[in-house]
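*Asks:* Per TrEMBL, transmembrane segment is recorded for 106-125, 159-178, 184-206, 240-257, 269-290, 361-380, 401-418, 424-447, 454-482. Under the heading domain 'STAS', TrEMBL lists 510-633.
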Amino acid sequence: MEENRVIDITTGSFEVHKVVSPPHRSTLLKLKNRLKETFFPDDPLRQFKGQTMKQKLILGAQYFFPILEWCPNYGFNMFKSDIVSGLTIASLAIPQGISYAKLANLPPIVGLYSSFVPPLVYAVLGSSRDLAVGPVSIASLVLGSMLREVVSPTKDPMLFLQLAFSSTFFAGLFQASLGFLRLGFIIDFLSKATLIGFMAGAAIIVSLQQLKGLLGITNFTKQMAIIPVLSSVFHTINEWSWQTILMGFCFLVFLLLTRHIGMKKPKLFWVSAGAPLLSVIISTLIVFAIKGQNHGISIIGKLHQGLNPPSWNMLHFSGSYLGLVIKTGIVTGILSLTEGIAVGRTFAALKNYQVDGNKEMIAIGLMNMVGSTTSCYVTTGSFSRSAVNHNAGSKTAMSNIVMAVTVMVTLLFLMPLFQYTPNVVLGAIIVTAVIGLIDIPAAFQIWKIDKFDFLVLLCAFFGVIFVSVQDGLAIAIGISILKVLMQITRPKTVMLGNIPGTGIYRNVDHYKEAMSVAGFLILSIEAPINFANVTYLKERISRWIQDYEEEGAKKQSGLRVVVLDLSPVSAIDTSGISLFKDLSMALEKKGLEFVLVNPIGEVMEKLQRADETKNLMRPDCLFLTVDEAVASLSSTVKYQIPEHV
């Protein structure tokens, strides 16, 4: 194995640049800047600078109500596009709303209620032009499964409904609070790997749960894990209905075929968008014609007609179920918020406009809070409906209003038409919708890039399908946080060498041509230094020194100077300061020089305040670049140049 080569640095004429202290700033100013960067990185007040009071009021109103921004310039041509988009997504939202409500163990009518009021609220407050709002599969699944662990939706349906509305209120409260307090970075703990694994696992669980409707099973397990579900399927073979299986298979193939066509040819988006509603219409006519309910085909039954009844009096703000609804609200709130913002930003990037994350959190939160008082459960931006909305040529959030009006007409006049809709078709619609959540190419890409991220993905996936939906998510988040903690507590430390013929110093393990400088141990810490990693850094640097001394003893070339490049160190705390003091004293006892290179302003300021003896920050111990440090000190270092290995 080839060892690191050692070179001699010949001193010549060079200029040593002085490392200057950062400008003095008061503690109040530093705190102000830190808070601004933490909570206001987008500087939302910059648009008000230099404006008249009248203009500031207009800009303020437009900031809080984005509808005022696009509405004054709204024209008939835009309205024509939005009508087409709104009617198209309504054709998808109606069957999906009914299906997802059943997935959440709620009355089907609640799914339609949730496609009426929330889109109207979002149209006023939301900043995305493409986001189509309504119930989504993941939030529906999590809401239903978490509440069903405590309350049975069949034995106590009214209490279950009350808890669903209460969970929706707390989900909205949590979401809006994140937006108002500008704490959106909390949802960043749901990494891409976590979401991909979670959604794939949830898609499989959702699909398996639909076997109840697709096979015509009456007695089905309430558990969500894969083993109980499959066990329930094969222990109830006597309940299977061939009529239901035949109808379910036919419509499932039809829906998958239309979905494939829509994916391969985006211009034919209307084929996949209209397929669910067409399936509902055809299957309903078939069941009505053959009286399928008398032949083992389960139907929805009679649905209530009319607009959303108020539900504010059904919310639980106290009692034994308060903890359950708060926990359910936070989990579903995070999931729905993550999906909504991700979808909004995706389509905003395609059309080259900006989506304000904090505005979106406030809009989604408020629409869920309002929805919880009008018989709606958790809603957010749906990827499938937003994709249809985008492909249909939506121009503004008016498409959500058109969709809501269409759903309103359905609630007022068309509800009796859904009485004979078979549950098996709703199951087929759900399966078709959630299949798109399984992103195998993205999982393969994560495997190629980062094996640890792939481990997180697998933990989320297997946790969901073998344990439970919420436990799988918790396991994945826990491992993701563990990864972050490992990066903090075990920062990367590398040895630098000189690129021959230049003043550039790079990682000797990365650049084969980089050569160590005899008598110098040059190290770089590539992370902030704090209490969590000082012990590791002290041990790691001590090991570097020991290895160098042992290698130098063999080659009769001793260590004389330890150079620490602080360019990548963005922050330091009091424990980190103590690390440098301890290193300085330990190296001084060994007769070694200890120099620092290019500490940034905050790090240098803290080092100066802590250096009471003026030994750590002496001019001859502080340099602007590694090259200047080596050139300046090489004349004082006595060494022997060994032969190249």
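Every residue gets a Cβ built from N, Cα and C, even glycine.
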*Asks:* Based on DSSP, tally up the residues of the domain 'STAS' (510-633) by helix, strand and coil.
*Replies:* 59 helix, 23 strand, 42 coil
*Asks:* Tell me, please, if the transmembrane segment (401-418) and the transmembrane segment (106-125) are in contact, taking contact as 3+ Cβ pairs under 8 Å between residues separated by 6 or more positions?
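*Replies:* These two segments touch.
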*Asks:* So are the transmembrane segment (269-290) and the transmembrane segment (424-447) touching or not, going by 3+ C-beta pairs under 8 A with a sequence gap of 6 or more?
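*Replies:* Yes, the stretches contact each other.
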*Asks:* Between the transmembrane segment (454-482) and the stretches 184-206, 361-380, 424-447, work out which stretch tops the count of Cβ pairs under 8 Å.
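*Replies:* Counting Cβ pairs under 8 Å, the winner is 184-206.
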*Asks:* With an 8 Å cut-off on Cβ pairs and a sequence gap of 6 or more, do the transmembrane segment (240-257) and the transmembrane segment (424-447) reach 3 or more such pairs?
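*Replies:* Between the transmembrane segment (240-257) and the transmembrane segment (424-447), contact is present.
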*Asks:* Flag the pair the transmembrane segment (106-125) / the transmembrane segment (361-380) as in contact if three or more Cβ pairs fall under 8 Å (sequence separation 6 or more).
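*Replies:* Counting Cβ pairs under 8 Å (6 or more apart in sequence), the transmembrane segment (106-125) reaches the transmembrane segment (361-380), since there are 3 or more.
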*Asks:* Mean pLDDT, the domain 'STAS' (510-633)?
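*Replies:* Taking every residue in the domain 'STAS' (510-633) and averaging pLDDT yields 86.
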*Asks:* Please check if the transmembrane segment (361-380) comes into contact with the transmembrane segment (159-178), where contact means 3 or more CB pairs closer than 8 Å and the residues in each pair are separated by 6 or more positions.
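*Replies:* Since 3 or more Cβ pairs under 8 Å link them, the transmembrane segment (361-380) and the transmembrane segment (159-178) do come into contact.
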